[in-house]
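Over in Swiss-Prot, the protein carries these features:
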BINDING   239, 268, 297, 333, 353, 354, 355, 394, 395, 396, 397, 433, 460  substrate binding site
BINDING   437, 501  Zn(2+) binding site
BINDING   581, 584, 589  [4Fe-4S] cluster binding site
């Protein structure tokens, strides 16, 4: 852990340098490949890890090798992971989905922004130096049209986004021929449907049933289609965002790019400080992954942070502002009802959700029902016009182990189920947010309750944290719970960084949180028996047994840390071919001994086989040639 503390000026300068020098970068010994679909512009990016051959015999001067197949893996880095792509943050990413959106001919460009706040910001010349220059003209659905992926799916339409996702979810495993790599243990899926091959039709069917969502606002054409659902790979979200006391636009864009490099499937911008609107524009125009927000945070800024002064009109304007910028999903705390707030009074830690506490305070101060609940149908109409997915927030999630699985938590969950059915009336895609702090033996009930109460809509959880005693290590405490609930059926895991409960995460914290949660998600995929999930594990184990150190580094989720730890004790190049590591040394390496045992056993088998043949030869009279009937 670094002890160097940079000043705010130094942090911004460092982030600006990162952006100015940004270029497409591949991981060590990996290359970007594209798998094409039925039409030429469906090109699905993947990372292919190149492996070295295995020494199988021969002499010192004439060694014999066997090639090892390259291993394709899911890649969230977008153009940032392709060395052939020129990156210019000032211009933003290419608009991958624009031709698909235009071809559907069910949306139209707006003459002006619908949000009064957006118009006000655009008219402010003082913001010119902060503003992203290549602003898009926003689009929305034509009158009488539904333009959501859920609507298309229900109409039996397989969109290019769905085909893109089907290819992506298969992770190129059809390229793998080795039986050793393809071997997989049967999983326990807890009722999930996991087909051997994911087809575009399967994607369409899951979306139509509401079991999966494709967050894809028509005003975010730069995003690469992805899916969140129980019957697909477990996804990971990373949170970024400035606050009133720290971080800048440059730093948030840097965190975005960094997040996609380390495996974030979606990113939530939770900014609460100055220039929220401008920061979000820079993030969206440079994001290859879906972007989510909590609109109540910005609405609160518009009323100077006074929760009691919030109004539906201010919130509605914020929804329009963000939808026309391209936000792919909104967290809406519409399940925090007035009658549920007293249930939290006996809790140890009360209401810990920022959005939940804001709405609870508003309800109590006005003694009225939550205006998000009261205006929920209008929220759905807005979302349907841009294809913004809803992430129904758990404003009453438990903030401590003691408060887990209480009446307030599950009362809200049941209300979220009712709201889900309303959203589906408008063809709006929905996922459900979950806890929180839950001990291990109480986690599965959360998944069971969600499936039953929310009609199998995808579950999206923060952890859960399995103990409260480890500030500074809550990426571990929550990673345990995340792996478990992912196995039970949770569709997306919201990462927790080492700074949870302590401060705003920096770039290194983001990486630590993501690596922890990629481990949890992958462990869940293995346990569920997701087809092809074990390929990378098998490739790693084979490389480990064969002392192919470079391949071990490159197959790792974090090749740089794996290499650095190895080189702390064996830095010489000879250490990269040694048949041992510094843990056991050359004489006590279990894998080296296992290889010797295997070689010895093979030699013994040959010797025994030769002895058997010799005895058989003598038993038949010792003749070199036998009559046919004697052979």
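Placement of Cβ uses the backbone N, Cα and C atoms for every residue, glycine included.
The separation of residue 589 ([4Fe-4S] cluster binding site) from residue 353 (substrate binding site), Cα to Cα, is 50 Å. Residue 395 (substrate binding site) has 437 as its nearest neighbour among the binding-site residues 437, 501, 589, going by CA to CA distance.
Rounded to a whole number, the C-alpha distance linking residue 437 (Zn(2+) binding site) with residue 397 (substrate binding site) is 8 angstrom.
Classification of residue 437 (Zn(2+) binding site) by DSSP places it within a strand. Under 8 Å, Cβ to Cβ, and six or more positions away along its own chain, residue 239 (substrate binding site) finds 267, 268, 270, 494, 495, 505. Secondary structure at residue 501 (Zn(2+) binding site), as computed by DSSP, is coil. With respect to residue 501 (Zn(2+) binding site), the closest of these binding-site residues in Cα terms is 397, chosen from 297, 397, 589. The binding-site residues listed here are 297, 460; among them, 460 has the most other Cβ atoms within 10 Å of its own Cβ. Across the residues annotated as binding substrate (239, 268, 297, 333, 353, 354, 355, 394, 395, 396, 397, 433, 460), the widest Cα-Cα separation comes to 20 Å.
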